[in-house]
Amino acid sequence: MVQRLCESKEGNQYGEVVSQIPNLHLNKNISTGLKPCECSICGKVFIRHSLLNRHILAHSGYKPYGEKQYECEQCGKFFVSVPGVRRHMLMHSGNPAYKCTICGKACYFLSAFERHQRTHTGEKPYKCKQCGKAFTASGSCLIYEQTHAGEKPYKYKECGKTFRFSCSFKTHERTHTGKRPYKCTKCDKAFSCSTSLRYHGSIHTGERPYECKKCGKAFSRLNSLHLHLRIHIGEKPYECKKCGKAYTRSNHLTRHERSHDVEAGCSSSCL
């Protein structure tokens, strides 16, 4: 048995040891001080380049073993190797190795824990080479950089929608198949993608890591904070074509436009 310490590159400022886990050879480099290998697409960390290279194949869609892949029995997610499934199974164990001492959020992997810390510090070390936009995770930056290229090689045959990445393609595919492999352990809700499950989890935990520096209001989602900031800066990008009235949110504009429809209906019925 070994302890997995929750310390970032800057030191154990936010983390604490929350569990002891069996030595699955996943934390060897962490304990010896060797630099881990991080996937530039999703941010996952590996102790050996061979494991990282095998993981990258999953993003590319290439199947080195033909159609044979390894499936998680609990959620149905596929992996190209047995070690990949075993590492993934830690998430189903219910024993996260890292816990944030600021908000209590628990993480199963060091890379995820370090990314979460940045939501509190505001650090965005990864910048787009073309426009300079900054991100908290290297994977998010890499995905954003692809938007400049404009290529969308993955096309879904049923609806014709195209995607830049295979993971986005697979997530969209579930909207057609109805498959929802990501299940909440607190309630009976299930989701088609892990991001939706993560956002849903904040309902149960009460976590609101995104705080407005103007008024102190906190949000569980980053996009909710962005929408809120429009109130302070006066930005109203959604304008009614009939009367020119503008709104900060698209759903507010939609609700307003219905009032015009009601007025038009009343006028025609009164003739």
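Keep in mind that glycine also has a Cβ here, set from the backbone N, Cα and C atoms.
Annotation source TrEMBL lists domain 'C2H2-type' at 37-64 (among others).
Per TrEMBL, the feature domain 'C2H2-type' maps to 70-97 (among others).
What TrEMBL lists as domain 'C2H2-type' is 98-125 (among others).
If you look up TrEMBL, you'll see 126-153 (among others) marked as domain 'C2H2-type'. Proximity of distant same-chain residues to the domain 'C2H2-type' (126-153), defined by a Cβ-Cβ separation under 8 Å and at least 6 residues beyond the stretch ends, is recorded for 38-43, 115, 118-119, 162-165.
Summarising the annotation, TrEMBL assigns domain 'C2H2-type' to 154-181 (among others). Taking H, G and I as helix, E and B as strand and the rest as coil, DSSP gives the domain 'C2H2-type' (154-181) the counts 12 helix, 4 strand, 12 coil.
Per TrEMBL, domain 'C2H2-type' is recorded for 182-209 (among others). Confidence across the domain 'C2H2-type' (182-209), taken as the mean pLDDT and rounded to a whole number, stands at 84.
If you look up TrEMBL, you'll see 210-237 (among others) marked as domain 'C2H2-type'. Assigned with DSSP, the residues of the domain 'C2H2-type' (210-237) fall into helix, strand and coil as follows: 12 helix, 4 strand, 12 coil.
Here the domain 'C2H2-type' (238-265) has long-range neighbours at 227, 230-231, meaning same-chain residues at least 6 beyond its ends whose C-beta is under 8 angstroms from one of its own. The domain 'C2H2-type' annotation in TrEMBL covers 238-265 (among others).
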Long-range Cβ neighbours of the domain 'C2H2-type' (210-237) (under 8 Å; 6 or more residues past either end): 119, 199, 202-203, 246-249
